[in-house]
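K.L.:
Dropping the structure in here first, questions after.
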Amino acid sequence: MSKKPTHGDYTVGWICPLEVEQIAALEMLDEEHERLPQPSTDHNVYNLGSIAGHNVVIAGLYQPGNSPAATVVTQMRTTFLNLRFGMLVGIGGGVPVKTDHGSIRLGDVVVSKPVGSNSGTLQYDHGKAKAGLFERTGALAPPPAVLLNAAQDLQAKRARSRHDPLEKNLKRIDTSVPGLQRYKHPGAAHDCLYASDYIHKKPGESCADCGCDPSRRIQETVDDGDDGDAPFIVVHRGTIASGELVIKDAMLRDTLANEHGVLCFETEAAGSLADFPCIVIRGISDYCDSHKNDLWHGYAAVAAAAYARQLFFHIPIKETKRYISETAETDIRYLKKQQDTKARQRILDWLTPVDYGAQQSDYMRMRAPASGKWLLESAEYQAWLKADKQTLICPGIPGAGKTILTAVVVDDLTERVNSDPAIGMAYIYCNFRQQAMQSIDDLMTSLVKQLTQCQALLPKSVEYLYEKHQKKRTRPSLDEILDLLQNVVKMYTRLFIVVDALDECRVSDDTRARLLSELFSLQTLHGVNIFATSRNIPQIIDQFYGSISVEIRAHDEDVLQYLNGRIAQSESKVLRTCSEEIKSGITNVIDGMFLLAQLHFDSIKTKVTAKKVKEALRNLPRGSHAYSDVYKNAMERIKTQDTDSWELAKNILSWIIHAKRPLKIGELQHALAVEDGEPELDAENIPHVEDMISVCAGLVIVDEESEIVRLVHYTTQEYFERAWTLWFPSAQIDITRTCITYLSLKTFEAGLCSSTEDFQLSNIFYDYVARHWGHHAYVASIGVEDMIFKFLQNDAQVSSAVQAMLFNEGSPKNVPKGISGLHLAAWFGLTRILSGFLRNGYDPDIKDSGKRTPLSYAARNGHEKAVQLLLNRGADIHAKGNGPGGGGGDHYWSYSDQTPLMYAARNGEVAVVRLLLFSGADVSAKGFSDRDSDDHTYGQTALMYAVRNGHEAVVRVLLSSGADVNAGEGCHNGDGIWFYEYKERTALMHAAMKGHETIVQLLIIGGADVNAEEAGGSNGSGCYDDEYPRYYHRTALMYAARNGHEKVAQLLLCNGADVNAAECGSRNVHRNTNRFPFYDGLTALMYAAKNGHEMMVRLLLSHGAEVNERETGHKCHDSYDFDGRTALMYAAIGGHENVVQLLLDGGADANAKEKGYYDYGFNDKDEDGDDNDNDDCGRTALTYAIMNGQEAVVRLLLTANKADINTKDCAGRTPLWYATDKGQETMMRLLLENGAIRT
């Protein structure tokens, strides 16, 4: 090699346990390297070398077995950090069965490959196997995809070749050397397979010497007459079993093999594969029977080594060098950062704090043993598992057990995922009590979080999104989240997504419809399998027409299992005596509703005589009204308790039913401990959890993992939503009094906390109370005004409440200051309290630190009556404040000078928008970017805010009130500071970008210019901002094309949008950064091709898009060379095979060359650090496909006979040169096979 390799240059580990295997491995090396220093903790002895350009570490074992293998692999990976995967190469015992390649015989090779549910290698407890039993103790990780693909490619090439490359590898060992003679082929005459029940006569002697009966051989073998020549090596691929001891019993071998389709047994794979992606390659040296001998060890070892060597020629070098970057320092920093567990978790929690893992654990704990097995064994479930792009919908009546069965499915999939890192799984539990935390953004980020947190390293795209938004304290847009999800999904070869209780998914903002749309899109694009449950609601179930379906009903065996468990846990002799009557009585009335079994048992478990039990069984509710009757009976039992127990139960149920979010048990205990008029919380008044659950007669449970206290089921909540006034009519008043009393405790009179730690210590139940007291007060209406008014006049207590209410991230100091009691009354729409403040002379236009008035808060939250009251009292309808609310400090100025109309429009409050417009609000007002400068450029209008957030009704009202449909937004404040990324983007562009089809139509009808061009500018200081490059002439159609919104694009095209309009962008002046690419002259077709939107490309081509239009400049302020890329080049770069085919079919010129090159995600410096801009031109789609490793596109371009395989760029570099430079051996072979000329 030209330079001595370092530890970081080695990418493949080769593990060979025995000496005979190590020698064979060494003979397969192209080069042998000098040994490198090792840590004192690494006791391995390594041999280093290379094969086909791959640097290899060869390690032996001090003794065979799984434990030594695990130790060796662990130490090896510590010393050689860039090892990508491993090969476990050596000898093994074969199972004489027939495969697609014939019977397995001595000297054959067996290679691990996933088959069915087996990963390719399975582990078993050999100690138990010797007793005639086979206990599978785990499915090991499958070989990595790159090795499986390489093995498949090798198999195909061998089948088509006249000359076997493995035979050439065998000849690398010179068997004339005395020490290598044992590697000769022993000859077919020595391949003796005996009947399984025939035992070897004398251990230690050969079959010939001890007189084994030749007639008991399974197959007569004929001497090939030339023992020295090896025949064609037969390779079998399938399952290899790994245990602790060597099997020497043919009957046991057959028993074990038949159960799981095992082809070979060995003793090291379980240790090697525990935490290291490997492929297992075994040469067959015996038949795992009593006739074992060492004669075949040498040849079997070299046969396996010969196969392993050849496999290297089918592995792309790029794969093995993935983690060896030319910018090593940057990567090392990245790896170190990823090793920081806290930093990793912080990023994941930033994505979303929602974690369904606790719910999964609780549901599995509630599951009766073995329940749900019927679903896992059903033909429908098995069919869903086996094929990609499958959907299994499981409708069921309320209380049938859908959620528990979902948990069973998640548990089953988790086991499968754990055995194969290439399989991904994510799940969602929709919950009527958690809808505030289950927006479409929340649900999508949860999927991203689950799919990334099981990866060894977080994807850089996740880290980049975090860094982009965290420093601004902003949240990613839905488009950003969906783009991230698409990237994450690509990390898996198979993916399962599970969604429980679609009927409980919120529908107020089309969350459920959007969730299903995105899931079906993932299924179409990536073959995702979807499992979903729901009540049998036609609007939901009809979405799954044609899918696999299984109705969920409680099965008798599951119900009996559950009842057996409850009776066994009970200390009541009566229940045990009447157990058969109880089981049959309950099973006969539940009609498929598992929940009823639980509720019915709770209703009889307190009976003290057999007669009472039997009477209760005869009177069990059944039928369509069963739940209402059961809950009514339970409440009557609760009410007959003593007064204290009834009061406790009433308060518990009131809180759980009316709480605005699920409460943790500690929060509810604090709420129950509050006493009217007491200034402090008495710890001795906090009830015990066991007593709280007991007094509620089975209607309330606590999820142990999440510590959430909740009603036993959704049907319980539905009952109380109808009947709560019957049992606790003053609930909202009582809750409001508790909240105000809690907020007024002495401990909160200190006002704002100075640190996050102090704030969080005081925030056990305070967080809930501060955020939601006003919502309860709004419903309570009367009876608590004096308490509220007194609280809101206490500035210190108000400051504390505001800090908790608006605190999200960062320091509590960032919470805006100066928010008064009047502001809070407006925030929650408490008109009686507002009237009291205004009657007492308070200023209706009082401002907080962000210049927001009470009117802004009332408008923001949609309180029409409060808005009307403030307007009647003279509030300034044009008052301008900063920020949307819910953040703080200087971060607010990113949204400055917002009018009440803008706040209402942004949040979709259509009634308030109408009222403000009727009262004279300026529909054309624009926010400013800066507080003080006189040199302003205007920002967004109310119409733009409504359009961006998809509020169709608000858009209609604003348009009918004369909103300027073609107004453009602004961003420049005159002081060299940007507050908006773009300038002059219109409402239509926003709607097209977001895919709001109906709004696009409304805007077009309202006169929107479909060909309006967006204009951008510098940051005002004569330079270009790192974060915001300049864009000019981008149209609504380009935004729709970029994001794949076909229906929007169709609308625009039908209304005259220029399909061939081209933007003009200016490159970043920081020329050595790769953060933002330079795009100049892109068309809608280029954007669609770049992002792989196949249907969009079809649409644009059908409307006359110029397929060979070049990326070209409009000669903006600063003129640089223009790249001249085509849509085909962008599709090739992204590997969008179908789009490439579409473009070729549409006449795309496969040999078109770019004009120049700048900053497209590559380092634009050569090895010496010099700019290469002058040479980066003349590349074609084929060149770009090769540079980006897009093999499928390369094959397509060559197969179509349209790409010039020997084309040269401006520096004379050919596609073959690029493939060689990138180390892409498969590409090199492909090009050479298709006529590429070596230069």
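Any Cβ shown, glycine's included, is placed from N, Cα and C.
Per TrEMBL, the features are:
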DOMAIN    371-535  domain 'Nephrocystin 3-like N-terminal'
DOMAIN    642-720  domain 'GPI inositol-deacylase winged helix'
REPEAT    817-849  repeat 'ANK'
REPEAT    850-882  repeat 'ANK'
REPEAT    896-928  repeat 'ANK'
REPEAT    938-970  repeat 'ANK'
REPEAT    983-1015  repeat 'ANK'
REPEAT    1032-1064  repeat 'ANK'
REPEAT    1080-1112  repeat 'ANK'
REPEAT    1123-1155  repeat 'ANK'
REPEAT    1211-1239  repeat 'ANK'
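Could you place these features in context, so I can see how deep they sit and what lies close by?
P.N.:
Taking H, G and I as helix, E and B as strand and the rest as coil, DSSP gives the domain 'GPI inositol-deacylase winged helix' (642-720) the counts 41 helix, 9 strand, 29 coil.
Here the repeat 'ANK' (817-849) has long-range neighbours at 752, 774-775, 777-778, 781-782, 785, 788-789, 791-793, 795, 798-799, 801-802, 855, 857-858, 860-863, 865-866, 869-870, 873-876, 879, 881, meaning same-chain residues at least 6 beyond its ends whose C-beta is under 8 angstroms from one of its own.
Beyond the ends of the repeat 'ANK' (850-882), by six or more residues, the same chain brings 816, 822-823, 825-831, 834-835, 838, 844, 892-893, 895-901, 903-904, 906-907, 909, 911-912, 915-916, 919-922, 925, 927-928, 931 to within a C-beta distance below 8 angstroms of the stretch.
In terms of DSSP secondary structure, the repeat 'ANK' (896-928) contains 16 helix, 1 strand, 16 coil.
Sequence-distant contacts of the repeat 'ANK' (938-970) (same chain, at least 6 residues past either end, Cβ-Cβ under 8 Å): 896-897, 899, 901-902, 904-910, 913-914, 917, 923-929, 979-980, 982-988, 990-991, 994, 996, 998-999, 1002-1003, 1006-1009, 1012, 1014-1015.
Same-chain residues lying 6+ beyond the ends of the repeat 'ANK' (983-1015) with a Cβ under 8 Å from its Cβ atoms: 479, 937, 941, 943-944, 947-948, 950, 952, 955-956, 959, 965-972, 1031-1037, 1039-1040, 1042-1043, 1045, 1047-1049, 1051-1052, 1055-1058, 1061.
Each residue of the repeat 'ANK' (1032-1064) gets a DSSP state, and the totals for helix, strand and coil are 17 helix, 4 strand, 12 coil.
Mean pLDDT for the repeat 'ANK' (1080-1112) in the predicted structure: 87.
Through the fold, the repeat 'ANK' (1123-1155) approaches residues 1078, 1080, 1083, 1085-1086, 1088-1094, 1097-1098, 1101, 1107-1112, 1177-1182, 1184-1185, 1187-1190, 1192-1193, 1196-1197, 1200, 1202-1204, 1207, 1209 of its own chain, all at least 6 residues removed from its boundaries and within a Cβ separation under 8 Å.
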K.L.:
Quick test of the contact rule: Cβ under 8 Å, at least six residues beyond the ends. What residues does that give for the repeat 'ANK' (1080-1112)?
P.N.:
1035, 1037-1038, 1040-1046, 1049-1050, 1053, 1059-1067, 1122-1128, 1130-1131, 1133-1134, 1136, 1138-1139, 1142-1143, 1146-1149, 1152, 1154-1155
K.L.:
Excluding the flanking five residues on each side, which residues at least 6 beyond the ends of the repeat 'ANK' (896-928) place their CB within less than 8 Å of a CB in that stretch?
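P.N.:
Contacts of the repeat 'ANK' (896-928) (Cβ under 8 Å, skipping residues fewer than 6 from its ends): 853, 855-856, 858-864, 867-868, 871, 877-885, 936, 938-943, 945-946, 948-949, 951, 953-954, 957-958, 961-964, 967, 969-970, 973, 979.
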K.L.:
Counting each residue once, how many in the repeat 'ANK' (938-970) are helix, strand and coil under DSSP?
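P.N.:
Residue counts for the repeat 'ANK' (938-970) by secondary structure: 16 helix, 1 strand, 16 coil.
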K.L.:
Looking only at the repeat 'ANK' (983-1015), how are its residues distributed among DSSP helix, strand and coil?
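P.N.:
Once the DSSP states are binned, the repeat 'ANK' (983-1015) shows 17 helix, 4 strand, 12 coil.
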K.L.:
Mind tallying the repeat 'ANK' (817-849) by DSSP state, helix then strand then coil?
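P.N.:
The repeat 'ANK' (817-849) comes out at 17 helix, 0 strand, 16 coil.
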